[in-house]
Amino acid sequence: MDSFVSTYVWPAAIMIGQSLLLLVCLLVFIAYILLADRKIWAAVQLRRGPNVVGPWGLFQSFADLLKFVFKEPIIPAGANKAVFLLAPLVAVTLALATWAVIPLNQGWVIANINVGILYVFAISSLEVYGIIMGGWASNSKYPFLGALRSAAQMVSYEVSIGFVIVTVLLCAGSLNLTDIVNSQNHGLGTMMGMPASLLDWHWLSLFPMFVIFFISALAETNRPPFDLPEAESELVAGFMVEYGSTPYMMFMLGEYAAIVLMCALTTILFLGGWLPPLDIAVLNWVPGIIWFILKATLVFFMFGITKAIVPRYRYDQLMRLGWKVFLPLSLAMVVIVAFVLKLGGWA
């Protein structure tokens, strides 16, 4: 009995506890990221933004949560009720499940699997199913058109993201996310006489791929200027037009969980994860989790600024950018990086 408890029960209890702790921290972080998104937009438009609920509006997201929860969910008359209610649950579950393999610091990961980046890519590809289910089950033309746009958009830009990840894997030599971060301890900066610095991170040596990944992440998460699935001027609110109350809140939660995931993934692949920008004692004293959060927040700030200042693309422009610009460019970069690594004897 003791061996059964120590072998199965205790490890399972630890994993459940870690998952719940990560979930609570992630939800609180998303609440404040949502507030930051609104504040950035307000600052660009010379407004104050949310500033009533709590000091400086810090509790605005929690007030919105209560508002959504206590509203009555309304299901359209011709909708498929089961699929209509299941769609937001699928979207938010898949968005949160991806975080199981994201390392926040050295050893701070629930499942440190050797194919972590492949798991993230596979699960994030499934998130479009929640949107398609919601658009189809609403029995309305605007949600259905928004769902079709979302499917085409996500498929188009996942190809470019896949090639970007391949170039990072060629440089890191591993599919494990922790190993990818640790591989950025040496690189271009080490050759220039600045070992373990921000010049070693992949953002510099793979700068074109960093730009492609950032723009593709905007399209993958339906962020402006690529928010075609929910374009207000054309599709009212896209696939969410028939949703309200808690289901709408769950769609929004899944969307922002995916956005924060892309920020974390950008940090891991290109910005050195939890590594400090310089190998000096003062910066090494700062816990790695702090560096990780600061870098992910910086990437989200770039997301927010892009949303506020860049106008929306037309649908044909979006598709042309993905298939005629990013796809050939990312494929060419894979070949170039592989050739350079082989030529330099690093492969």
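Cβ from N, Cα, C; glycine included.
The following features are taken from Swiss-Prot:
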- 14-34: transmembrane segment (TRANSMEM)
- 82-102: transmembrane segment (TRANSMEM)
- 115-135: transmembrane segment (TRANSMEM)
- 161-181: transmembrane segment (TRANSMEM)
- 198-218: transmembrane segment (TRANSMEM)
- 258-278: transmembrane segment (TRANSMEM)
- 285-305: transmembrane segment (TRANSMEM)
- 321-341: transmembrane segment (TRANSMEM)
Based on Cβ pairs under 8 Å, which of the stretches 82-102, 115-135, 161-181 lies most in contact with the transmembrane segment (198-218)?
161-181
Count, for each of 14-34, 82-102, 115-135, 161-181, 258-278, the Cβ pairs lying under 8 Å from the transmembrane segment (321-341), and report the range with the highest count.
161-181
In the same chain, who gets a Cβ under 8 Å from the transmembrane segment (161-181) while lying at least 6 residues past its ends?
101-103, 106-107, 109, 112-118, 120-121, 187, 202, 205-206, 209, 212-213, 216-217, 220, 268-270, 272-275, 327, 330-331, 333-334, 337-338, 341, 347
For the transmembrane segment (258-278), what are the same-chain contacts with Cβ under 8 Å, counting residues 6+ beyond its ends?
26, 29-30, 33, 95, 98-99, 102-106, 120, 124, 127, 164-165, 168, 177, 180-181, 184-185, 194, 196-198, 200-203, 206, 210, 213-214, 217, 220-221, 223, 284, 286, 288-289, 291-292, 295-297, 299-300, 303
